[in-house]
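Read through the structure below, which is laid out as structure tokens, and then see the notes.
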Amino acid sequence: MSDGDYDYLIKFLALGDSGVGKTSVLYQYTDGKFNSKFITTVGIDFREKRVVYRANGPDGAIGRGQRIHLQLWDTAGQERFRSLTTAFFRDAMGFLLLFDLTNEQSFLNVRNWISQLQMHAYCENPDIVLCGNKSDLEDQRVVKEEEARGLAEKYGIPYFETSAANGTNVSLAIETLLDLIMKRMERCVDKSWIPEGVVRSNGHTSADPLNEEKEKGSCGC
């Protein structure tokens, strides 16, 4: 797909404590590579990827492919950048929330990140996929899978154990998030309403500031 040759531009935000592997996961997804020498993200960065999304119809048939331009925003996990990070929450349509399977505190902080999303995202029930990263470091693991899955079930969000080093479940996690977003858009009664994190190929968003309160209750929020 050439520049501008897409149906939707969709913004994802990767969140989580510093050092959980957000940059490495996004790099693995967009480039299929792992770089163990990434330095800590300062502020905000992003990567891009073009994909084709095909949804199954009610009869099981695969529908027309939607051409998606994904912007994957990479945020700093340090507390001193928190105000900058939260400023980007409303502009994103979906959230990839990561913790480090070898760092219990990063898992305990997942609740705080979700609380921040509920306060600052485009609606109180945004689409989130939870990822326990660094699954390849099994001998260093301190967070049990059943504990992480239990937390995800409490919030009603999908959970994957990922590895930026070998690519395990990285694409699946992001594809699941995209599927959630596209289905949310399909549920919109008024198809002219699309959250601010989605831009049509003509460059227009459909958010109307005069109807912001009405929009907060739209599309399954």
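Cβ coordinates are placed from backbone N, Cα and C, and glycine is handled just like the others.
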Which range of 38-46, 92-100, 173-181 is motif 'Effector region', per Swiss-Prot
38-46
Any idea which of the binding-site residues Gly16, Gly19 has the thinnest Cβ neighbourhood at 10 Å?
Gly19
The correct three-state DSSP answer for Asp74 (GTP binding site) is strand
Find, among the disulfide-bonded residues listed as Cys123, Cys188, the one whose Cβ has the highest number of other Cβ atoms within 10 Å in the structure shown.
Cys123
